Amino acid sequence: MVLGSPSPSPSPFPPEAQPAALSHQRPRGPCPLPWQPRRSPRSVTTATAARCLVGADHVRARSHDGGAMAEEERALLGSDGGGGAAGPARRLSPCHPQRLAHRLLVLALMCFLGFGSYFCYDNPAALQTQVQADMKVNTAQFMALYAWYSWPNVVLCFFGGFLIDRVFGIRLGTIIFSIFVCVGQVIFALGALFNAFWLMEAGRLVFGIGGESLAVAQNTYAVSWFKGKELNLVFGLQLSMARIGSTVNMNIMGWIYSRVQHLLGHSGHSTLGVTLMIGGITCLFSLGCALILAYLDKRAEKLLCKEQGKTGEVIKLTDVKDFSLSLWLIFLICVCYYGAVFPFIGLGKVFFIEKFRFSSQEASAIDSIVYIISAPMSPVFGFLVDKIGKNIIWVLCAVVTTLAAHIMLAFTFWNPWIAMCLLGVAYSLLACALWPMVAFVVPEHQLGTAYGFMQSIQNLGLAIISIAAGMILDTRGYLFLEVFFSACVCLSLIAVVMLYFVNHLTGGDLNWSARKREKLQKVAASEAEEQERLRRQNEDDLAKLRPKADDFSFRNKYLSKLGAQLPDNYSSYLSTMAHRSVLK
């Protein structure tokens, strides 16, 4: 499941990457992420800025002969922007959208917006033994619950941003996607209640339709309400809340099942259904946050005259043919690495019970350690990657650490807390270093397509690998399953090494230090400014050479539009005028 992100751009997408400018996007200091918008909608952060923005139309209506006077008027205009009368700044009401308390409330609602979807996404992992026993399914069928979540997002990754921008709008779109999440979880629970596994699969399909697109909407709201350095903190808090949701699910759903079993007096599919229905309350809570957030955003739009947030995504499938080898290697790293992490977490609880003889509660706790570590460490690693650069080296370290963790789990009986902590650190580091690299290898106008394609093949890979992992576990056992996951990480490692050499041979900037990249960006910016200055100068010179229209030419132009026949000597007269103008 992709957590949001950047993009760059948006993130989904994996939201672990902490952008510093992709504002969608995507989004970022280092670079844009997949789930962040790439252009920031207008918003106001201070009282003075709001007055300037609201009164801008009034100031622009005046003549242009007083630049300094216009600036002074902008600072003095009231929040209503009317009258143009100067006066003391008006005090904001306690419920004004620019008040700190109001913005903190909006931030809290944004963070809880995705809590329900992340909580319920790993419901199957937290209840693996119960699902397989009560529904009488094997591991391959159990892992199909994750595959059905991923299948719709192979396509929806390309259209989620489009639906928000062009069809629903951010407010209605967020509510609709939240409803999909709620309905999907209810269908999932009803499937267990009625002992219909196919209905549970249908519920996961509906749940997946809303889950990933809701993450895009969450990032869009963030860019609409916050900007600049605030955005880094906002994305970090959203990511932390998502991980908290996953962690709480892994540690509490087993306890809820046991309490429901005690109340009903028996176990079985009905107990499982009631437990999943209780878990769905978190989705209703997130839907309530979406409704309140829509109201507050609509109110702020009226008070601050700001636009609705947009993802800014531009998806053109024809851009795929222009993707470089470096980008395809990044895609391969993404698919192979996440394929060795998320399916493992989905099957990890029973693995720890069978191999290390842990209790169900202990197994759930250790299985959730990856999420627990990623919550605080992702912002830290995002800051380090921002300041140091060298993205390929960071990715290489993360992949090697993950390979070591899987080898420890497969071939040793060491305390699994060590391997799982290493896996949590590596997972957080890779997300912060890998996703931003997309923005370094594709032009800005192709970012939407690149991140959409990356999320699409990631979901495709997760769906296929989840089913394959279940089949391997049913036929070969956990040792072969760990060998399979290690092989996936090895493929990812080979792709990282190839990416290093390809980047070196082509003179790419994927492994530049942050200082070098910043220096070259300043040089490029100054060159762009110089080119723009020369372009404007050329336009001014050409404008001076153009002949000025006189009354005679206006008259003939008007007559020609009326269909009047112009004299034969008209063209020669115009040629003479043009010649004289050039001579002057």
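We count from 1, first residue shown onward.
Glycine too: its Cβ is placed from the backbone N, Cα and C atoms.
The compositional bias 'Pro residues' feature in TrEMBL is assigned to 7-17.
The domain 'Major facilitator superfamily (MFS) profile' annotation in TrEMBL covers 103-506.
Here TrEMBL flags 1-42 as region 'Disordered'.
The annotation transmembrane segment is assigned in TrEMBL to 100-119 (among others). Counting residues 6+ beyond its ends, the transmembrane segment (100-119) has Cβ neighbours under 8 Å at 1, 3-4, 94, 174, 178, 181-182, 185, 207, 210-211, 214-215, 217-218, 221-222, 225-226, 234, 237-238, 240-246, 248-249, 279-280, 282-287, 289-290, 292-293, 296-297 in the same chain.
Taken from TrEMBL, the feature transmembrane segment covers 139-163 (among others).
What TrEMBL lists as transmembrane segment is 175-199 (among others). Through the fold, the transmembrane segment (175-199) approaches residues 113, 116-117, 120, 123, 131, 134-135, 137, 141, 168, 205-211, 213-214, 217, 269-270, 272-274, 276-277, 279-280, 283-284, 286-287, 290-291, 294 of its own chain, all at least 6 residues removed from its boundaries and within a Cβ separation under 8 Å.
Taken from TrEMBL, the feature transmembrane segment covers 205-226 (among others).
Long-range contacts of the transmembrane segment (276-296) within its own chain (CB-CB distance under 8 A, at least 6 residues past either end) are made by residues 97, 102, 105-106, 109-110, 112-117, 119-120, 123, 127, 171-172, 174-175, 178-179, 181-182, 185-186, 188-189, 192-193, 221, 245, 249, 253, 256, 260. Annotated transmembrane segment per TrEMBL: 276-296 (among others), in sequence order.
If you look up TrEMBL, you'll see 325-345 (among others) marked as transmembrane segment.
Long-range neighbours of the transmembrane segment (365-385) within the same chain, counting only residues 6 or more positions beyond its ends whose Cβ lies under 8 Å from a Cβ of the stretch, are 16-18, 30, 125, 232, 236, 239-240, 243-244, 246-247, 250-251, 341, 345, 348-349, 352, 358, 391, 394, 416-417, 420-421, 423-425, 427-429, 431-433, 436. Under the heading transmembrane segment, TrEMBL lists 365-385 (among others).
The transmembrane segment annotation in TrEMBL covers 392-411 (among others).
Annotation source TrEMBL lists transmembrane segment at 417-441 (among others).
Per TrEMBL, the feature transmembrane segment maps to 453-473 (among others).
Marked as transmembrane segment by TrEMBL: 479-502 (among others).
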Top partner of the transmembrane segment (392-411) among 325-345, 417-441, 453-473, 479-502 - counted as Cβ pairs under 8 Å: 417-441
Chain residues outside the transmembrane segment (479-502) and at least six past its termini with a C-beta under 8 angstroms from it: 325-326, 329-330, 332-333, 336-337, 339-340, 343-344, 347, 351, 392, 395-396, 399-400, 402-403, 406-407, 409-410, 465, 468-469, 472-473, 508, 510-511
